[in-house]
Every structure is written in structure tokens, then in C-alpha cells.
Amino acid sequence: MEKKIVVLPGDGIGKEVVDEGIKVLDTVAELFGHQFKYEEDVIGGAALDQFGIPLREETLEKCQQADAVLLGAVGGPKWDTLPGHLRPEKALLGLRKGLGLFANLRPVEVFGPVVESSTLKREVVEGVDVLVVRELTGGIYFGLKDRGEYDSGEAWAKDECIYSVEEVRRIAKVAFEAARGRRKKVTSVDKANVLETSRLWREVIQEVHQEYPDIELEHMLVDNAAMQLVRQPKQFDVLVTENMFGDILSDEASVLAGSIGLMPSASLADAGGLGMYEPVHGTAPDIAGQGKANPLATILSCAMLLRYSFGLEQEADVIETAVKSALEQGWRTPDLVLSQDDPKSVLGTTEITNKIIEYIRKSALIQS
Ligand SMILES: NC(=O)C1=CN([C@@H]2O[C@H](COP(=O)(O)OP(=O)(O)OC[C@H]3O[C@@H](n4cnc5c(N)ncnc54)[C@H](O)[C@@H]3O)[C@@H](O)[C@H]2O)C=CC1
Ligand SMILES: CC(C)CC(=O)C(=O)O
Ligand SMILES: [Mg+2]
């Protein structure tokens, strides 16, 4: 199979983890006889430094013409004081909107071997398997185009939260369809006791649910959901929510898995179409450049890329199994080690990728 992947490393550890993801994709390509062509471009802070804007039109066009996009993360303290439209993070919003990627899938799977990496009790987290379905191109991160901008020192600032029926309907369908292939339960998270957009959200979710009588639906207010997620996470199967709530709840859910360095994501327009794949985490300025970032979230995002954009199920499975094997054998990155005297073998970014590649090669040998 021949495919074109646009690679957007971004800033901070984004570059470090994306490099590792490509090594894994190259290994899979070599073993399974595929040809992946990469086209790298700058976005975020890197694009600001080089071109004066966080997202160039030509970058968006390149992505539109690709088969998939692999992204690291954007932002960092260097650009924190810039006005809103120049923030590196706006590049991400522009890409998501420009590519029509309204469905963000963030699986939260607790890998058995790293249960002890979670700060929560074993009985709470063991076996957790939640899919967060986050609406990605609406809500308060977008608002109205002509809303103006806050200037430092001004007396007030404004963000607007808008949702249309159609925006909620299409993400509801993604969630109910996903639940059909899982444990058949959807929890819709909103703030319908306060927000008008949430009242619309709840109404539309209920309406779409009529088409899915085989799926159990419950509604939960977001403050309660934040609490339930760490109190009793196994009550959740598919959790569907709007843009900002999904952003926050998925970072919270990473505590169940042991580290945000394990959390992959896929941002999709339509099933089988162009997708963008990125770790849930940001640029981690506190550890950037030290060779200790956990690349597994990105490597698992590469598995999602193969599965959702290229339909390469077996190749995706091989990557996921290799990640599990490496963790089972006790290999860890520093973020997965809670105490100094933890006996687990601690590896850097490149070293743990090399282990994953070793396991991928071994499993390909067994299969051939
Ligand atoms: N998708 C994106 O591009 C995102 C970008 N950001 C940006 O990243 C910058 C830093 O944001 P933070 O709030 O600090 O969030 P962050 O996710 O970058 O880091 C939060 C904490 O998690 C740790 N961490 C994150 N990824 C890790 C990994 N792969 N391995 C080991 N440890 C990891 C970091 O060291 C830090 O202690 C900001 O400029 C923010 O706007 C934040 C979130 C998402
Ligand atoms: C950086 C933001 C645009 C969004 C974010 O934190 C995320 O998508 O996880
Ligand atoms: Mg986030």
C-alpha cells in the first residue's frame, strides 16, 4: 500500500515523540510491504518563528491532499504572551476546523502491566476501558469569527459557546455507532442545568438515541462526571461530550491509565477518510530536550492512523501488542515510575521505541 502522511512535529516534545512514531511506522512498512511517504511541515511556535504565523495556508492544503496527518503538539512559554490570533495553539484549531475533523476519539485503556503506575487504587483502575468521544470543531474554542480579541489590561474579555443541532447530531452518531462495537452504553456529559448549548446538546442526543434502541443512554452533568471518572471509572463505556469538557475530562482520565504519555487520539471527519493523529498531551516544556518524554501515546496514535485512515487492522494490532509486551516485560519511561526505588527498568524516549520495534519484529517473524 502506498500512502502519503503529512508530519507536523510542532514544538517541545512534539518533535521528539513524532520522530519515534515515524520509526515505528517505517518498521511496519518494511515488514508488511507498504510504502509510506512523509511530508514534514512546521506549525505552531515553529511556524511563528519561521514564517510569523502559526498555520500557513499551504500547510493546510498539504494536509488536505494527504492520506493522513501525524501531529506532535504545539505551544510553549516562548509564545505565551502573543495575542490570541498568533498563539501556536490556534494552529491546531485551524487544522481541525480546516480539515473538518469534528470527531476526536480518545481511548482510555488501562494496560494491565502499568496498573501500578496509576496513583489510584488497583481495584478502581484495573480493566478500565473508556472511549471518550469529544466534539472537536465547535463550542467555546471557536465561537464567532468577529468576536474581537482581548488586549492585556482591558476590563473584560469574551468567549462564545455555540453549538448547532447538526454539530451535535453528527457527533452523537459517532458515539452511538462506537458503542455498538463495544459494551453498548453511552454517557453524554453536559452542563444542562446551566448552559443553553448543553440543553440543546441533551435534546439532540436524546433524539439521535431513538435510532439506537439497543444502546443504553445516560446523561451526566460534567462536574459529577469529573468526580465519577476517578471514583468509579468502570461505570463508563463511551463518554460523549462537547469540545472543552472533552479536552479536560480526557486529561483527567489519563490518571487512570497511569500517564498522559500513554494517551493516543484520532481526529476524524468521516469513517475511512482523512484523519489527524496526535498524542493527547501537550509540548511538556518541563521535560523537553531531555530525551525522557514518553513516546507511547504517539506510537499508539500511529496504530490508530493505520487502523482508521488506512484500514490496516493487523498492522495496528501488531503495534498495540508490541507496546503491551514492552510494558509487560517491565520497560518504563520515567513518567510511569512513581517511586525512586521502583525496580522497573527505566528507558528514555528512543530506547523504549527501540524495544517496541524489537517486539514488532519478533511478532512479525512469528506470524510469517
Ligand atoms: N495538542 C496540543 O498541541 C496541546 C498543546 N498544549 C500546549 O503545551 C504546552 C504545555 O502545556 P501543559 O499544560 O504543561 O500540558 P502538557 O500535556 O504539555 O504537560 C503536562 C504534564 O504532563 C507531562 N507530560 C506530558 N506529555 C508527556 C509525555 N509524553 N511523557 C512524559 N510526561 C509528559 C509534562 O511533563 C507535564 O508535567 C502549552 O503551551 C499548551 O498550550 C497543551 C495540550 C495539548
Ligand atoms: C491545545 C488546545 C488547542 C487543545 C487541547 O488541549 C487538546 O486538544 O487536547
Ligand atoms: Mg488538551
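Using N, Cα and C of the backbone, Cβ positions are placed for all residues, glycine too.
These features come from TrEMBL:
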- Gly76, Pro77, Lys78, Trp79, Asp80, Thr81, Leu82, Pro83, Gly84, His85, Leu86, Arg87, Pro88, Glu89: NAD(+) binding site (BINDING)
- Arg96, Arg106, Arg134, Asp223: substrate binding site (BINDING)
- Asp223, Asp247, Asp251: Mg(2+) binding site (BINDING)
- 4-356: domain 'Isopropylmalate dehydrogenase-like' (DOMAIN)
- Tyr141: site 'Important for catalysis' (SITE)
- Lys191: site 'Important for catalysis' (SITE)
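Taking the C-alpha positions, the distance from Lys191 (site 'Important for catalysis') to Arg134 (substrate binding site) comes to 15 Å. Closest in space to Leu86 (NAD(+) binding site), of the recorded positions given as Arg106, Arg134, Tyr141, Asp247, is Tyr141, taking the CA atom of each residue. Distance from the CA of Tyr141 (site 'Important for catalysis') to the CA of Asp80 (NAD(+) binding site) is 17 Å.
The closest partner of Tyr141 (site 'Important for catalysis') among the binding-site residues, by CA position, is Gly84; the full candidate set was Gly76, Gly84, Pro88, Asp223, Asp251. Taking Gly84, Leu86, Arg96, Arg134, Asp247 as the candidate binding-site residues, the subset whose CB lies under 6 angstroms from any atom of ligand 3 consists of Asp247. Checking the binding-site residues Lys78, Asp80, Pro88, Arg134, Asp223, Asp247 for a CB within less than 6 Å of any atom of ligand 1 leaves no residue at all.
For the pair formed by Gly76 (NAD(+) binding site) and Arg134 (substrate binding site), distance between Cα atoms is given as 24 Å, rounded to the nearest Å. Put plainly, the binding-site residues Gly76, Gly84, Pro88 were compared by Cβ crowding within 10 Å, and the winner is Pro88.
Here the C-alpha separation of Lys78 (NAD(+) binding site) and Asp247 (Mg(2+) binding site) works out to 23 Å. For ligand 2, the neighbouring binding-site residues among Lys78, Leu86, Arg96, Arg106, Asp247, Asp251 are Asp247, by Cβ distance under 6 Å. Within the set of binding-site residues Leu82, Gly84, Asp247, the entry lying nearest in space to Arg96 (substrate binding site) is Asp247 (CA atoms). Around Asp251 (Mg(2+) binding site), the C-beta neighbours below 8 angstroms that are at least 6 residues distant in the chain are Ile260, Val280.
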